[in-house]
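Features reported for this protein in TrEMBL:
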type: DOMAIN; residues: 3-118; note: domain 'CUB'
type: DISULFID; residues: Cys3-Cys30; note: disulfide bond
type: DOMAIN; residues: 120-216; note: domain 'LCCL'
type: DOMAIN; residues: 223-380; note: domain 'F5/8 type C'
type: REGION; residues: 389-409; note: region 'Disordered'
type: TRANSMEM; residues: 445-470; note: transmembrane segment
Amino acid sequence: DGCGHTVLGPESGTLASINYPQTSPNSTVCEWEIRVKPGQRVQLKFGDFDIDDSDSCHSSYLRVHNGIGPTRTEIGKYCGFGFQMDGLITSKSNEVTVQFMSGTHTSGRGFLAAYSTTDKSDLITCLDNASHFSEPEFNKYCPAGCVIPFADISGTIPHGYRDSSSLCMAGVHAGVVSNTLGGQINVVISKGIPYYEGSLANNVTSKVGPLSTSLFTFKTSGCYGTLGMESGVIPDSHITASSILEWSDQTGQVNIWKPENARLKRVGPPWAAFISDENQWLQIDLNKEKRITGIVTTGSTLAEYYYYVSAYRILYSDDAQKWTAYREPGTDKDKIFQGNTELYQEVRNNFIPPIIARFFRINPLKWHQKIAMKVELLGCQFSIGRAPKITMPPPPPPQNKNDNKNEDLSDDFVHSVKTSWQTDKTTFTPEIKNTTVTPSVTKDVALAAVLVPVLVMVFTTLILILVCAWHWRNRKKKSEGTYDLPYWDRAGWWKGMKQFLPTKSAEHEETPVRYSSSEISHLRPREVPTMLQTESAEYAQPLVGGIVGTLHQRSTFKPEEGKEASYADLDPYNSPIQEVYHAYAEPLPITGPEYATPIIMDMSSHPSTPLGVPSISTFKAAGNQVPSLVGTYNKLLSRTDSTSSAQALYDTPKGQLGPGATDELVYQVPQSVAHSTGSKDE
């Protein structure tokens, strides 16, 4: 009569003394026999130990034995208030006996312990919470039986659980482990939140919790999405029921609570059965096999109709003909799921292991007033096509006749597994449903998916490099012309550098620059830079007139600054007619007049102009004297102080003398004709 909370699973379990965590009663005894599969050993861990040791473990103690029955041997005898045992107690075989004895005492909570097979090295107890571990992420093994009435949790998924919550009990609430089997949890610690919601899930009630410094969540497989009831993916025609409630209200309006109304969070009435008995059902066709991991239910959600289902069982099928009731592994009874306790709250239940089926049926067993509910299924697509495997331990070794009075847990477990297998045999599909894709083919497809984009990128890069090299080579060839210069030596560069050179005098600016072919021929190639006038920023365009056959098209010569004076003194008219070069006007000085000097052209010698019209190029002569004319095609244009607007051929630059001034602005036009050799009086 000294046994408290006890759950003995095939691989793990939890046991506690009577009335734990309150003071255990006097003169009580309890004995647990634990058996796991052969080849394994049992390890025992205490979550709390508080047994009176006033008589040196004589009347109150906890004793652990190797084996079961008369042949068992003692591992250890323990007692003490607040006894701390950091390590694990490990058996030498697959069987262990735990014996608790409580004598006369006035205090002592008793004990709570967990056990598992020795391959679960990270075993924890139901009392451990997140604050006991400093790592931001860790894996632990929870034993079976951690839904205990004396432990509290706060929070829910996906927001997380308060750090003071029991890790294993929260794992059951979240649906990541089973209370009857236990299981592995992957915990992640995060920063706490100000408020933790409460909810009911998997027969565990989570309470509202206040602010905490940290919280924890669980990493899962991700197969917890909705399967289409709320969203409407499942059509109305795929939702059927055993009966439909149809009735008329006081106004005479007919109300029909059809099966398609059983969509979670859908506004309006729910589905309700016409007759409230245990033979009613709501059926959902998922169109193909799905992996179903959970279900969420509510009541009618209508305040005036306080209807809800408080307990139900689940059946599933592949063909809607042969139905299998859901059972937990190791049991021979249908599992009864806890439903709603009121009409609004959403209650979740998870299936561990998950259900793999196309047709899903809910069979209400308990309800309030009438059977009415709204439903959503949780899960994911099922594409592998493998039936879940159930591991059955071998039969236990023969027992002595004296031990027949003890309950043989292993026999019950084997029997329940066999019963479950025989009951579920019509549900499981063949071992392999898709034999088209083999594992090797899957690997090849994955490898190709990686290599193809890489090869495409490499070939694209090579093509771009070749195209760029070809364009660069062509551009380099074009830049190697006879009279072409690099881009930095063109007119734009010279114009930018000109501002750093000494400023010419006004008199020197007015001196025309003349070139003769003889002097040009004496210059070294590096002293005569050639330039194609693609940008006319530095020199004016040549005047179209005279003989142009002896010069390359669009070429010009810029003399060096130190030799301008000597060029200006040369006779510009001593060249033969066939070697006359066009002159180019000097660039306007920075401080010069605002307006450029207009140019009057005589196109007489141009092929497109008629004969008799003189060809004129303009040069501004030094001084105010009008130079003499030389040649039959030379013509002198001058501006006088005449006040007639018709005779004003040139506008007066800003800052110069006005039209009434006595000085005249004279512009001389040397032409491309033969001149006398001795004509140097200019």
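Just so you know, glycine gets a Cβ as well, placed from its N, Cα and C.
Note that TrEMBL annotation is computational and uncurated.
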Three-state composition of the domain 'LCCL' (120-216), taking helix and strand from DSSP: 11 helix, 38 strand, 48 coil
Close in space, distant in sequence - Cys30 (disulfide bond), Cβ under 8 Å, 6 or more apart: Asp1, Gly2, Cys3, Gly4, Ser17, Ile18, Gln99, Phe100
Residues in the domain 'CUB' (3-118) grouped by DSSP into helix, strand and remaining coil: 0 helix, 61 strand, 55 coil
Cβ neighbours of Cys3 (disulfide bond) where a neighbour is any other Cβ within 10 Å: 15
Rounded mean pLDDT for the residues that make up the domain 'CUB' (3-118): 91
